[in-house]
Amino acid sequence: MAESDWDSVTVLRKKGPSSAQAKSKQAITAAQRRGEEVETSKKWAAGQNKQHLVTKNTAKLDRETEELHHERVPLEVGRVIQQGRSNKGLTQKDLATKINEKPQVIADYECGKAIPSNQVMSKIERAIGLKLRGKDIGQPLEAKPKKK
């Protein structure tokens, strides 16, 4: 017991800098000044709320090369939708509400920007009563007898 010194302090565990402190700008510059090797890398889209990512394939398709391009709604179909809608006295918003779609969808179909979807096309056909697919585009839609 004679060799114990009451005035000295023994540190058993010393905490290093936390991860947030180690990653701070000050910690990085201090380590660089000391001549230590520092590796920094930024993760792609880290800490961002990105739910709809644009992948390389999507970007390629959007450039629309000859071999890779989206089929669009023909302008003829857009005109038929416009005429059928006006014959029924509906606005784009009214028609969109009737088929449970956004008004922008109807606008895209009418101006030929939309990528055709059979589901949306059939909804529009039933709402305006005109055929939009096949050979006889613009002809009245025949009412099929309901099965009992």
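Each Cβ is built from the backbone N, Cα and C atoms, and glycine gets one as well.
Annotated compositional bias 'Polar residues' per TrEMBL: 18-29, 48-58, in sequence order. TrEMBL lists 33-42, 59-69 with the feature compositional bias 'Basic and acidic residues'. If you look up TrEMBL, you'll see 81-135 marked as domain 'HTH cro/C1-type'. Taken from TrEMBL, the feature region 'Disordered' covers 1-69.
Under 8 Å from some Cβ of the compositional bias 'Basic and acidic residues' (33-42) lies no Cβ of any residue in the same chain that is six or more residues away from its ends.
According to DSSP, the compositional bias 'Basic and acidic residues' (33-42) comprises 2 helix, 0 strand, 8 coil.
DSSP states for the domain 'HTH cro/C1-type' (81-135), grouped as helix (H, G, I), strand (E, B) and coil, give 34 helix, 1 strand, 20 coil.
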